[in-house]
């Protein structure tokens with residue numbers, strides 16, 4: 001036998017009999033299982049603890065950022081549950097946005113701890129049924145009808161913010177005074193166009209003092225009623241002299257601190273988006289009422305808002321159209337200023353679908369004051 005053969009023989013590894021190996025395998029599996037199962041259990045616990053920590057950290061940040069305080073521990077647990085449910089809905093919608101199935105994103109905002117019906121009761125204060133009833137019963141509730149200007153070609157886009165005609169985004173708080181903010185916004189724009197001076201006007205003046213004109217303070221009102229009050233009253237006070245409180249208070253209008261006045265208002269033909277675009281382009285910001293009754297509006301963040309469930313007759317929220325345009329995908333939109341603060345939407349604004357059969361009723365009740 002050669003040296004190689006000797007080497008192979010001397011150093012050949014010992015082998016176990018087949019039956020011995022068969023006995024060893026179950027023992028090895030049992031030992032490995034005994035080691036792995038506790039490790040897996042620890043890992044699962046660690047992940048669960050980690051997830052719970054993340055959730056509570058998000059909740060803590062939310063409460064801190066939006067200054068949330070609850071009556072007791074029971075209410076806080078209830079609000080945390082709503083917060084987590086809303087977060088799940090938002091994440092689900094945004095996954096559809098990432099897949100290109102919807103044209104706008106949602107985000108957690110200060111309303112994330114509210115049930116949707118609570119949110120609607122608190123924030124949406126426009127009554128379209130009352131609007132129609134008043135106009136049908138009395139001609140004085142109707143304004144001058146808008147007539148298209150001659151020889152005007154509509155621009156591709158308009159943004160009155162860049163022209164200095166729009167005040168900073170305001171916050172109505174937990175008060176259904178959207179109609180007052182829409183009214184002041186339109187008059188602020190018209191006053192600026194006439195005087196060249198942008199003056200922030202008092203929503204609280206309208207909340208407190210225009211009840212005889214059919215408005216109901218924090219429980220809702222109509223922009224046209226506000227314009228009628230301002231005309232008959234000889235003006236509206238400045239925001240600085242009559243600051244916002246987000247409650248119904250006694251009227252303390254002061255003629256010495258009037259910021260602007262009007263001499264009536266103009267109504268744009270119902271449902272006519274083309275005429276409304278002409279008014280926005282040539283006149284300035286326009287008061288409108290919309291259907292804002294959907295959760296998608298509550299948590300809107302960016303993109304062109306396209307809500308197929310919107311109703312052109314179910315109008316419950318007053319806002320201000322400050323421009324229009326077309327986005328990079330070719331979608332026409334209205335540029336709308338809301339009154340829910342800068343943490344809502346796109347820094348307080350929303351792009352709403354334009355030229356799509358009057359979606360959300362944006363052209364159903366539009367008007368602006370005459371100055």
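Here the Cβ of each residue, glycine as well, is placed from N, Cα and C on the backbone.
Cβ contacts within 10 Å of residue 178 (active site), excluding its own Cβ and spanning all protein chains shown: 28. Taken from Swiss-Prot, the feature active site applies to 178 (among others).
Feature annotation from Swiss-Prot assigns active site to 317 (among others); the stated evidence is similarity to another entry. Non-local neighbourhood of residue 317 (active site): 123, 124, 125, 126, 178, 289, 290, 291, 292, 293, each in the same chain, at least six residues away, with C-beta under 8 Å from its C-beta.
Long-range C-beta contacts of residue 338 (active site), restricted to its own chain and to partners at least six residues apart, with a cutoff below 8 Å, comprise 169, 319, 344, 345, 348, 349, 350. Marked as active site by Swiss-Prot on the basis of similarity to another entry: 338 (among others).
According to Swiss-Prot, the disulfide bond annotation covers 175-218 (among others), on the basis of similarity to another entry. Of all Cβ atoms in the protein chains displayed, 20 besides its own lie within 10 Å of the Cβ of residue 218 (disulfide bond).
There are 15 other Cβ atoms within 10 Å of the Cβ belonging to residue 251 (disulfide bond). Residues or ranges marked as disulfide bond by Swiss-Prot: 209-251 (among others).
Here Swiss-Prot flags 127 as N-linked glycosylation site, drawing on sequence analysis.
Feature annotation from Swiss-Prot assigns signal peptide to 1-48; the stated evidence is sequence analysis.
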Reduced DSSP assignment, residue 317 (active site):
strand
Neighbour count (Cβ, 10 Å) for residue 209 (disulfide bond):
24
Between residue 209 (disulfide bond) and residue 218 (disulfide bond), what C-alpha distance do you get in Å?
12
Roughly how many angstrom lie between the C-alpha atoms of residue 218 (disulfide bond) and residue 251 (disulfide bond)?
14
About how far apart, in whole Å, are the alpha carbons (Cα) of residue 251 (disulfide bond) and residue 175 (disulfide bond)?
17
So for residue 175 (disulfide bond), how many other CB atoms are inside 10 Å of its CB?
23
Name the secondary structure element type, per DSSP in three states, that contains residue 178 (active site).
helix
